[in-house]
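S.K.: Sharing a structure below in structure tokens format, with a few things to ask.
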Amino acid sequence: MLMTQIRPQLTGGSKSELTGYIFGRMKSELNDVPAQTAAGSTLPLVDMIKDDEEAGTYNPFENRKLTHPTTDMETLVHLLKGSLGSGILAMPLAFVNAGLWFGLVATITIGAICTYCIHILVRCSHILCRRAQLPSLGFADVAEVAFLAGPEQLKKYSRLARFIINLFLVIDLVGCCCIYIVFVATNVKQVVDHYTHSYWDVRIYILLLLAPLIVINLIRKLKYLTPFSFIANVLIGAGVGITLYYIVTDLPALSERKAIAEVQHLPMFFGTVIFALEGIGVVMSLENNMKNPQNFIGCPGVLNTGMSVVVMLYATVGFLGYLKYGDETKGSITLNLPVEEVPAQMVKLMIAVAIFLTYSLQFYVPMEIIWKNIKGNFNEHQNAAEYTLRIGLVILTVIIAAALPNLGPFITLIGAVCLSTLGLMFPAVIELVTFYEKPGFGRFNWILWKNVFLILFGVVGFVTGTYVSIMEFSEHLEEV
């Protein structure tokens, strides 16, 4: 849409003018300056692409307009909240597909790689902010500016890069919403079945969630969802605590579990772990809102500290959960708790309520991305159009969840398809484009080879994880 808007004004103009206009428009949007002012008669004086030496005088951190900036500790708490979700309850299943000791080592290794890729993304964001003289950039913004400020032949793909990032973010977050629905329905079903002996199909519980989900997702303001976040955090914390009590009681010997699983199961492990660990969708918004953003990727830094806690906690829950339940481990470790015991029933219901409330927070981001891109088509009745979109998107997630109610392969599919691209491949591509001309790929082109490895690692995880999860779904459908 942006490209079609600017072509009539720049007919016959040079590529540098076109790029300068786009940067001018982006800068005005991010600094609350009217676009027509930035793109008016002063356009020839505005060259937004700066050499690194020239851009070094611009400090993006000093030019950020933040009403309520967050401290390092507040950002760390938000990072932990954004990364610690339902994925922790799926970690024991990941160890089923990896083995006890291999799973432990591989979880820490993948966690380190994911953390490094976040470093790449944030570092490129800082470089590009200086080159384009912009105070801050979101994930999709980083991709777009990288291509605009990169090699001449790649500039035309800048809007495509932005679109692809947003597309995968939407698919990822909508997929997570679908997983949440299956998660809630499965946990509630266990408790209801115990007391009523009805044994309804889980799809019935999924469909019963439709009405309350529609109601809660008609809330359009994020600030009104904040109390739900607080309640969900309390419930998840209490639920995980009680779950750990059950897990560590009467643990079997280490020798009773496989040290390493069969090779054909490793893609399921990869997809589940990267789904659980990857919080890249929230990283840029957290860094952009910091009082001291230079501390985000410092040493030890907010990112390193937060991700170390997350990785170790996930590895611990995965290790102990698999040690406790072995090959009987289910898609969510809460499903392994004895349903006849009241504390276990409370855990299942607490976690179900927490994930239900988290759905609305997860739903907010894809809804905002989609609505921001289509609301221009509705000159009248925008409120009705937005509410219709919200209801339609909720119905879509319920339909997908009802069609694919198997939790394990669903988690692997989302992790393999979306988070291997967003968390591994895209940061590597962005760094290659950012460093292509200046400052280059370093001695022996080590930056090039390092990023080629990350891309190939992501591609292997994408292909194998997707294939294995689809095969798991097909086997489940045949059983039904």
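Cβ atoms are placed via backbone N, Cα and C, with glycine included.
Unlike curated entries, TrEMBL annotations are predicted automatically.
Pulled from TrEMBL, these are the listed features:
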type	residues	note
DOMAIN	70-471	domain 'Amino acid transporter transmembrane'
TRANSMEM	101-122	transmembrane segment
TRANSMEM	163-182	transmembrane segment
TRANSMEM	202-219	transmembrane segment
TRANSMEM	228-248	transmembrane segment
TRANSMEM	268-286	transmembrane segment
TRANSMEM	307-325	transmembrane segment
TRANSMEM	345-366	transmembrane segment
TRANSMEM	387-404	transmembrane segment
TRANSMEM	410-436	transmembrane segment
TRANSMEM	448-470	transmembrane segment
S.K.: Which residues, given as numbers and ranges, are at least 6 beyond the ends of the transmembrane segment (202-219) yet have a Cβ under 8 Å from it?
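M.R.: Residues 181-182, 184-186, 188-189, 192, 225, 228, 356-357, 359-360, 363, 367, 387, 390-391, 393-395, 397-398, 401-402, 405.
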S.K.: Any chance you could find the range in 101-122, 163-182, 307-325, 410-436, 448-470 with the most Cβ pairs under 8 Å to the transmembrane segment (387-404)?
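M.R.: Out of the listed stretches, 163-182 contacts the transmembrane segment (387-404) most.
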S.K.: Please indicate, using numbers and ranges, the residues of the same chain that are 6 or more beyond the transmembrane segment (101-122) and have a C-beta under 8 Å from a C-beta there.
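M.R.: Hits for the transmembrane segment (101-122): 91, 94-95, 139, 142, 259-261, 269-270, 273-274, 277-278, 280, 283-284, 287, 296-297, 303-304, 307, 310-312, 314-315, 318-319, 322, 423-424, 426-428, 430-431, 454, 457.
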S.K.: For the transmembrane segment (307-325) against the transmembrane segment (345-366), do we get 3 or more Cβ-Cβ pairs below 8 Å once near-sequence pairs (under 6 apart) are dropped?
M.R.: no
S.K.: Of the listed stretches 163-182, 268-286, 410-436, which one has the most C-beta pairs under 8 A with the transmembrane segment (345-366)?
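M.R.: Of the candidates 163-182, 268-286, 410-436, 163-182 scores highest.
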S.K.: Please give the sequence-distant neighbours of the transmembrane segment (268-286): residues at least 6 beyond its ends with Cβ less than 8 Å from one of its Cβ atoms.
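M.R.: Distant Cβ neighbours of the transmembrane segment (268-286) are 70, 75, 78-79, 82-83, 85, 87-88, 90-91, 93-95, 97-98, 103, 106-107, 110-111, 114, 117-118, 121-122, 125, 137-139, 142, 169, 172-173, 261, 296, 303, 310-311, 314, 365, 408-409, 411-416, 419-420, 422-424, 427, 461, 464-465, 468-469, 472.
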